[in-house]
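Listed in Swiss-Prot for this protein:
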COMPBIAS  583-599  compositional bias 'Pro residues'
COMPBIAS  641-650  compositional bias 'Pro residues'
DISULFID  CYS310-CYS359  disulfide bond
REPEAT    77-98  repeat 'LRR 2'
REPEAT    101-122  repeat 'LRR 3'
REPEAT    150-171  repeat 'LRR 5'
REPEAT    198-219  repeat 'LRR 7'
SIGNAL    1-20  signal peptide
Amino acid sequence: METLLGGLLAFGMAFAVVDACPKYCVCQNLSESLGTLCPSKGLLFVPPDIDRRTVELRLGGNFIIHISRQDFANMTGLVDLTLSRNTISHIQPFSFLDLESLRSLHLDSNRLPSLGEDTLRGLVNLQHLIVNNNQLGGIADEAFEDFLLTLEDLDLSYNNLHGLPWDSVRRMVNLHQLSLDHNLLDHIAEGTFADLQKLARLDLTSNRLQKLPPDPIFARSQASALTATPFAPPLSFSFGGNPLHCNCELLWLRRLERDDDLETCGSPGGLKGRYFWHVREEEFVCEPPLITQHTHKLLVLEGQAATLKCKAIGDPSPLIHWVAPDDRLVGNSSRTAVYDNGTLDIFITTSQDSGAFTCIAANAAGEATATVEVSIVQLPHLSNSTSRTAPPKSRLSDITGSSKTSRGGGGSGGGEPPKSPPERAVLVSEVTTTSALAKWSVSKSTPRVKMYQLQYNCSDDEVLIYRMIPASNKAFVVNNLVSGTGYDLCVLAMWDDTATTLTATNIVGCAQFFTKADYPQCQSMHSQILGGTMILVIGGIIVATLLVFIVILMVRYKVCNHEAPSKMAAAVSNVYSQTNGAQPPPPSSAPAGAPPQGPPKVVVRNELLDFTASLARASDSSSSSSLGSGEAAGLGRAPWRLPPSAPRPKPSLDRLMGAFASLDLKSQRKEELLDSRTPAGRGAGTSARGHHSDREPLLGPPAARARSLLPLPLEGKAKRSHSFDMGDFAAAAAGGVVPGGYSPPRRVSNIWTKRSLSVNGMLLPFEESDLVGARGTFGSSEWVMESTV
């Protein structure tokens, strides 16, 4: 019966254990330990129904994102926790607080960005911490505080760490393995590994280290180390893949005897890319520091901030220190700050800071110094003559305090009242909207003034403004004032008080003034209106000028059009038709029986065309023959020839037309001579010849002749038609003259006028002898150009 009850009890306990196992997990009951295995089950969170007596919990290969405090609460017996290969990005603080028995924690291959101070709190017995292949960018200084003395294996490889809590690492005295490879470490504090006597493996591969601190622990990494003990095993040290700066600071590492691990030099330029262990020891050199830039002199008002700069170069980069004038090393404090670039900031200067500050740049190769002179302008303090002592930390003299005290001091106590400042010691003139000129004067009994202090404030905001003025100046222009505002201005004189060895001050005088009012909007509007008015005026002037010019052109055009017809009409008033070669008789004829006068001589001046030499000779021969026939007919006159023409200017259209017109009138006079043989024609010819002169051009003055050749409107044209009379040409060709009368001329049709020939460039269909008659005497049947006057 007892055996049956024992079997039932064991079965019930096994059933209870199996029933407590989470879904998709495997629970193992191995003697006294209980294991819960849930690897790669696709879990999104830690199962809440895990047996709290679990000793080994494996949750790797899932999709857990968040770890909370309830996930591992009351698991005091948990020894091994695996959370590898998840997507954990956040661990709530104190989530492992109850895991006091945990020996191994695997958080590798997750997405942890950092480890806070309380992330790993409570793991007092932790020996193995594996946090590689995460996204760690920083680790808090107190993150490893609870297991510093128990930790044996720390793996932080394949992260983004720029630094570590090196003070915590220094205290991990039981650490056996430290993996820091494939990070962004660029500096290791000196003495970090001094107490890690049990360290057997140190991996610093693929970081940004340029140098390593000369620690004795690295001596155990030599290949010939025979002094290894269980408490001091040989060190496996790897530091390949770092840009080592091969100078004198790594000479100690080069002297170690160890196997070549393909470490290379990253700098300086002459050794870049060379294998570290192949570089000779004499090539590991350094350069002493050189100060390239520093502040020389600095003048600061007491109580204000001061900045001293000092820059130096060297190999390795030198460290810069500052020494105060009292030979005190300046460090970081509430009043001063020293930066890595060599700058010293003094936030509040005192009189003790006056003197020479020394900048010291030092490295492994030596040091260099530079001096900076600092002059402190001390704050003004009340003189002994004022019977007052200024507070130790008082600021510059206040207008409201100093001036009011001096005015009302006579009624307080029985002491002697202070002397009032002289009348009108300070004058303010040339006041504008934003500036004013202050002038002052001091008495001869005043001690030697070291400097003047000008104080002024605005009546609106009561902000006091100070200006320090050299003792040689007795005037100062105050700028940047507010328009239309009242100001209180005081001038103080400062000198050295020999009794107190401090700077004493006394009021020279005060004044009040108001700045002029300014109207920026109105002034802006006025300038805009003025600018627009100027544009309109200039535009109006341009338009008016154009209109006047157009009106002048139109008036001139109209006057020319009205004057031209009248002048042209006057020029053609004596024009008559010569269709038949006869001239109408004038109103009064010559008396009968008067001897016939010779034809008037027509003087062809420079208006004639300059024909070719051949045409001129032909014209002369034709003229001689024509005059010879005239003498045979009983004219009784000598042959009439044109005088030789003077050199003429270049012909133009005006001269061409004038020449043709002169030839036309000359032909008419020749016909009158021929007609004068008859009794009727002789009287008419005598009357006609009495109106012309051989000295006057037939077409009038040149000006009138030029105007007569201008084109006229169609309604004002005087038309005159001419034709060829071939009778005389035929007679001349036969060599005689028909006696006893005048044969009617024969008309020739379809003949081009001379103007048409001159315009169209065509030649007349006649012989050259017919054309040269224009230069000699003309018969009654000679052709005349058709012209429009």
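Quick reminder: no glycine exception, Cβ is built from N, Cα and C everywhere.
In the repeat 'LRR 3' (101-122), the DSSP tally of helix, strand and coil residues is 0 helix, 5 strand, 17 coil. Same-chain residues at least 6 positions away in sequence with a Cβ under 8 Å from that of CYS310 (disulfide bond) are, in sequence order, ILE291, GLN293, HIS294, THR295, ILE320, TRP322, GLY342, THR343, LEU344, CYS359, ALA361, ALA370, VAL372. Across the repeat 'LRR 2' (77-98), the prediction's mean pLDDT works out to 94. Counting residue by residue with DSSP, the repeat 'LRR 5' (150-171) contains 5 helix, 3 strand, 14 coil. In the shown protein chains, 23 other C-beta atoms lie within 10 A of the C-beta of CYS359 (disulfide bond).
DSSP places the residues of the repeat 'LRR 7' (198-219) in helix, strand and coil in these numbers: 4 helix, 3 strand, 15 coil. Residue counts of the repeat 'LRR 2' (77-98) by helix, strand and coil are 0 helix, 5 strand, 17 coil (DSSP-based).
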